[in-house]
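Trainee: I'd like to ask you about the structure that follows.
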């Protein structure tokens, strides 16, 4: 006769511990339970977390450490955080469905293992004029090269994020999707290309994908939690403040840092975070929610014969039309889809003629403010028709120009105010003019931190640093230097900065001169493009100092570039390649490979926009 064994006697918990655990997790969802299991697994992997004398029975842990054969690899290729959020939501959906998934940033993905992937999901954003997210550049380059392997045993799906105000909308997503298919991979689901209002499309895509994968992949048990551990550990330090739940901070300082004669209006902005506990690191960005200019709202309403007091529904809430336009919809960015929809409503011949010529349509949208398009082709619309044209308001991201080692409960940003004229009428950027013109000291401002682990100072404070940041691209390097100063970092620092004029546009001049005097800033090279007959830019200074730049690289220097993605960043990269060819003794192909290796080693990082 065999005596039955109580199930609880097999557990490494006492009855009291089991009761407490059940009470604590009784109201947890399946996703939360999976997250918690992964969190605990991650804890025991950390050195020192197994108590002396404690034993772990192999029989009780075997299932937790067995990696399933068909693991879903989910790659997040994010520039501003949106792709990362979609990927995290998909991961949570898959975990809730008990499907094994490994979420990895594109910058951390060992892309040469792609030939072994069975199930591959990519959420990819596009930056600038069709470029992949900075963290995905190496993966994108590898996949589109001759080195990419056949993927006949791989099934995949791609979700692309972009902005229809740019010509090459969602190009990175299209590139990944098309190339994976070319390499023989099976498409699980048609690619989705989402605009800035991506949430509904993303939710639908996630639901469809989970259904497809549930029919294809065996449901797993504890292995899911083990695979989720990496993501779980990342989330325990997350802030309660986010894009959807921003901090109500205090607007503290608005100081113009360009001279009276400058063609540019650049502001140093300081925001008081109070006792919120909101934390950030050098390299992070500040997300800023803003309101449109009431004068612009009124101008648009009058052109469309609307009063502004019409009741409309926004996210299920009734609002006056004027308030909805002020706080919930983009008014300072025109796009080709908006022009197309407005042409259909207005039946304006000039606008309709653009529809057959995509380049002309895109150019018109980029050059013509929305309100001026309406002025050129006025038509009487209902409030609902107007809102149906517009995109939801999105926050703007600014590279943080301070370190909390110095600024403590403040966050600083450097804002180039967008101002221009269109047919004799003054126009301005939505967020930049909000910060420069419409906020007063002590006003509330809604902000959040967008973390950027792809733009970080070296872990070793003795490592040399080369910083290349013309214009407002200097912002994160102010944060870098504050941090290096506070850390007593012994590594050398070299700044390349450029702007039109020395006397009018030398941003934070006194601070840089102090760092030079104190010896913290080893070198500073300045390029003033309009102070002489021939224009000089930072890329020219890089070539001029190429021999020493190469010596620094050979000594392990980390390279950082911040600023304009469309021209400056490309020109700087060409200059760096020229330096590597000339002083490194390589041909162009070898130089390109060398720079790619620096990127993979996190020694070449860019924050471009």
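Cβ coordinates come from backbone N, Cα and C, glycine included.
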Trainee: With 529, 530, 535, 536, 537, 538, 539 listed by Swiss-Prot as NADP(+)-binding, which of these, 485, 487, 571, 578, is given for the same site?
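Mentor: Among the candidates, Swiss-Prot records only 571 at this NADP(+) site.
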Trainee: Between residue 80 (FMN binding site) and residue 535 (NADP(+) binding site), how many Å separate their Cα atoms?
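Mentor: About 32 Å separates the two Cα atoms.
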Trainee: What are the helix, strand and coil residue counts for the domain 'Flavodoxin-like' (72-210) according to DSSP?
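Mentor: Counting residues by DSSP class gives 55 helix, 34 strand, 50 coil.
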Trainee: Determine, using Cα-Cα distances only, which of these binding-site residues is closest to residue 539 (NADP(+) binding site): 82, 332, 429.
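Mentor: Considering only the listed binding-site residues, the nearest one is 429.
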Trainee: Give the helix, strand or coil assignment DSSP yields for residue 414 (FAD binding site).
Mentor: strand
Trainee: 398, 537, 609: which of these binding-site residues has the sparsest Cβ neighbourhood within 10 Å?
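Mentor: Each of the binding-site residues 398, 537, 609 was scored; lowest Cβ tally within 10 Å is 537.
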Trainee: Around the Cβ of residue 535 (NADP(+) binding site), how many other Cβ atoms lie within 10 Å? Please give the count over every shown protein chain.
Mentor: 13
Trainee: Under 8 Å between C-beta atoms and at least six apart in sequence, can you list the same-chain neighbours of residue 571 (NADP(+) binding site), or say none if there are none?
Mentor: 537, 539
Trainee: Given the binding-site residues 125, 529, 539, and counting only Cβ atoms in the protein chains shown, which has the most within 10 Å of its Cβ?
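Mentor: Of the binding-site residues 125, 529, 539, the highest Cβ count within 10 Å belongs to 125.
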Trainee: Limited to the domain 'Flavodoxin-like' (72-210), I'd like the whole-number average of pLDDT.
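Mentor: The average pLDDT of the model in the domain 'Flavodoxin-like' (72-210) works out to 94.
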